Amino acid sequence: MDTSMNFSRGLKMDLMQPYDFETFQDLRPFLEEYWVSSFLIVVVYLLLIVVGQTYMRTRKSFSLQRPLILWSFFLAIFSILGTLRMWKFMATVMFTVGLKQTVCFAIYTDDAVVRFWSFLFLLSKVVELGDTAFIILRKRPLIFVHWYHHSTVLLFTSFGYKNKVPSGGWFMTMNFGVHSVMYTYYTMKAAKLKHPNLLPMVITSLQILQMVLGTIFGILNYIWRQEKGCHTTTEHFFWSFMLYGTYFILFAHFFHRAYLRPKGKVASKSQ
């Protein structure tokens, strides 16, 4: 592990020089101490869903086109920047010292740049709960996979941030990548711009691929742990496997209903 840690420090100096804004005060101690607040946030989120749908039941839908464009555009830019910074770090580590270093050791927490973006990543999971408000206020179908995914991702991100789950680097990196495409699509759709017809299917396919890769990383984590070569726990493996497994089933089911079933259409996961 010392080798991987030393390498990550060297990598930061050679390839990941932080910008001034990325040297912001480290707020990890605060977030780690209050990570259980994510459960309260999720409870409030679920209650607001019930209240919001009840309130809108007898009212006309709101257009919210401009706010939705700005909302999606902001999250798209944020995700793209996070993708560029995180993929550069993870890919360099993987191709230099091997995949095991990125799966078994939380080396990403030792890098100032990644530390900054992981902090923002956690906060973004709270912000993204606002997606649901647009669905409710515009009276679009709110499907199970949407609110289940939003709420559990926040909980798991908080859990991983608190416990420095080794495979969390890939969880964050893949999520940034998928969201950079997804929110770009949502921006184009809200602005009524032309986009490839296959783009929604591509996004769902990327989401499914993310779950498959996440499950593979979890299995590798478990195998290498048996060799006493991974700094992980049974609890880490269990929750990672459970969440990736349920996400895979839900997104695969959505893909089948939306794109493979001959008749009938399903509303976009987060319109």
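Quick reminder: no glycine exception, Cβ is built from N, Cα and C everywhere.
Not measured: the values here are computed from a predicted model.
Per Swiss-Prot, the features are as follows:
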CARBOHYD  N6  N-linked glycosylation site
TRANSMEM  30-50  transmembrane segment
TRANSMEM  67-87  transmembrane segment
TRANSMEM  116-136  transmembrane segment
TRANSMEM  141-161  transmembrane segment
TRANSMEM  165-187  transmembrane segment
TRANSMEM  199-219  transmembrane segment
TRANSMEM  236-256  transmembrane segment
Could you give the residue numbers and ranges of same-chain residues that sit at least 6 residues beyond the transmembrane segment (165-187) on either side and whose C-beta is under 8 angstroms from one of its C-beta atoms? 68-69, 72-73, 75-76, 79-80, 82-83, 86-87, 89-90, 102-108, 114, 117-118, 121, 153, 156-157, 159, 195, 199-200, 202-203, 206-207, 210, 213-214, 217-218, 221, 230-232, 236, 240, 270-271
For the transmembrane segment (67-87), sequence-distant contacts whose Cβ falls under 8 Å of one of its Cβ atoms, 6 or more beyond its ends: 16, 113-114, 117, 120-121, 124, 127-128, 130-131, 134, 138, 169, 172-173, 176-177, 179-180, 182-184, 186-187, 190-191
